[in-house]
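Annotated features, as they stand in TrEMBL:
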DOMAIN    104-256  domain 'Sodium/calcium exchanger membrane region'
DOMAIN    433-583  domain 'Sodium/calcium exchanger membrane region'
SIGNAL    1-26  signal peptide
TRANSMEM  100-123  transmembrane segment
TRANSMEM  178-201  transmembrane segment
TRANSMEM  213-232  transmembrane segment
TRANSMEM  238-262  transmembrane segment
TRANSMEM  371-393  transmembrane segment
TRANSMEM  399-418  transmembrane segment
TRANSMEM  430-448  transmembrane segment
TRANSMEM  454-476  transmembrane segment
TRANSMEM  497-516  transmembrane segment
TRANSMEM  536-558  transmembrane segment
TRANSMEM  570-592  transmembrane segment
Amino acid sequence: MAGGLLNVSWVLSLLCVLQMVETVSGARAPSVGAHISSQFPAAGVSQTSVVDCREVCGLNASDRCAFVRTNPDCRSDGGYLDYLEGIFCHFPARLLPLAITLYAFWLLYLFLILGVTAAKFFCPNLSAISTTLKLSHNVAVSFWPLDTSPHGVTFLAFGNGAPDIFSALVAFSDPRTAGLAFGALFGAGVLVTTVVAGGIAILRPFTAASRPFLRDIIFYMAAVLLIFTALYCGRVTLAWALGYLGFYAFYVVTVVLCTWIYQRQRRRSLVCSMPATPEILSDSEEERMSSNTNSYDYGEEYRPLLLYPETTAQILVQALNPLDYRKWRTKPMYWRVLKVFKLPVEFLLLLTVPVMDPDKEDRNWKRPLNCLHLVISPLFLTLTLQSGAYGVYEIGGLFPVWAVVVIAGTALAAVTFFATSNSEPPRFHWLFAFLGFLTSALWINAAATEVVNILRSLGVVFRLSNTVLGLTLLAWGNSIGDVFSDFTLARQGYPRMAFSACFGGIIFNMLVGVGLGCLLQISRSHVEVKLEPDGLLVWILAGTLGLSLVCSLVLVPLQCFQLSRVYGCCLLLLYLTFLVVALLTEFGVIHLKTV
């Protein structure tokens, strides 16, 4: 129990450190004290009134570039590219369709990056971590299996929830956009509990664990009720913000206690029953069988062709080669075309993300590449945090942070290289699984951030409101990591893990995102966070999320916790209905009558 609580404290502490970095960087920006107007005032423009960025399409073509560059509402809060400036400053007005087409292709390629990262790097490292900690795959990824533990509250919640958490923190930094954070969190909740959960049931029907299912869905309904109350009151005070974080801590304690009680009951049952009782061992046996028959061999494409001892240079070249020539000759044309697009991404991922495989004899130990990872992976982490702002920060105004990381990583890599051999993995090799997990999670976060920025830019071009952006485009962008990770787990034969991550992850996102975001804003401004929900749409969001949870709470027990394809199709239909109603409300077809 103590280890579980320390694990959760580690993740929450890490999030707090990241957010304090954001706070410090924001304090250094020219927008000190600008929480009354905007977080991003344009350089050289004093007291510029904030105009809705969607108004850019109503201006003359010659004025659009200056409008986008000087209007704070058009500034992106993260990412590496300014997509709005690219559309209106680098493309003539007559080539706007071409710019949108190029953005659409780049968006698809970002989806490809997310899929490759989740399938070949994120999930394998998560599996290696669970093996290292001597946990079942279910325990490491989720909180629903019968042998639940709080490790899932940390690992997958942090990996999948990073985009949602960061988006919420940015939105809460400006009182006028605080409602957008709620819209994004509610929208992501509706998406994950309907589309993702329904898709998992369609891909791989399974049986959910009854008691953990009921526990987690009740906690999630309580969290939604707390957020709904804050929206109804129109403000979040310091007590409410601390209450959200405290409620999540209470949820973690409940998970720990339930795990301890279950393990104690299981030990008693093992003593009183015959060994190898199917009812007791069915869950673990099912996971082992699924792992043996359905899991993807992540090292298959990188297995060396030569069996004699290789030199260090040969090991490095083989380890960095993402193409299996034997497989290339046997695959159809469409697979080859897709592989061509994957090759650059896979090469960069191999170069930056270590992958540990406990099922292999050498545990995927590649001495030259793993030593290179000790330099490149920390450097990538540094340059990814805050879109590189933290990495280029100069210590004392002289020495950049990234240089310190490179020097420290090079020293560690040199010691590791001369203290190990090519043939036998070292005892500390299991640490590379944690490094690979964190690096792949930030790959997903970085790609998802670019997706969010593209979607927001397209929303400006097509004049969509902030509320619709929150419940659709922003929610879709922030949930991409969940979609790819959970669908990948389901296809590999772990639908229970994937389904668990759906509900468990968004409990973390909602409570920690709102609680920590409001807490940081209150600590900066020393006033409560004001919420300005956009009328009917917010209530449709909250109502749909509540309806999906109530339906799952009622229908799943009625089906004896058997999640079939019919149930999955019903969830997809619910989301499509919600989307139609939301869009009709946005365009004024559905509206409240004024008395």
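Here the Cβ of each residue, glycine as well, is placed from N, Cα and C on the backbone.
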Same-chain residues at least 6 beyond the ends of the transmembrane segment (570-592) with a Cβ under 8 Å from one of its Cβ atoms are 190-191, 193-195, 197-199, 201-202, 464-465, 467-468, 471-472, 535-537, 540-541, 544, 547-548, 551, 555
So are the transmembrane segment (238-262) and the transmembrane segment (213-232) touching or not, going by 3+ C-beta pairs under 8 A with a sequence gap of 6 or more?
yes
Outside the transmembrane segment (536-558), at least 6 residues beyond either end, the same-chain residues with a Cβ under 8 Å of its Cβ set are 179, 182-183, 186-187, 189-190, 193-194, 197, 208, 210, 213-214, 217-218, 220-221, 224, 227-228, 231, 467-468, 471, 567, 570-571, 574, 578, 581-582, 585-586, 590-592
- Query: Does the chain bring the transmembrane segment (213-232) near the transmembrane segment (399-418), so that three or more CB pairs sit under 8 Å (pairs 6 or more apart in sequence)?
  - Reply: no
Under 8 Å Cβ-Cβ from the transmembrane segment (454-476), and at least six residues away from its ends along the same chain, one finds 53-54, 56-57, 74, 76, 83-84, 87, 96, 100, 103, 106-107, 110, 167, 177, 179-184, 186-188, 190-191, 534, 537-538, 541, 579, 582-583, 586
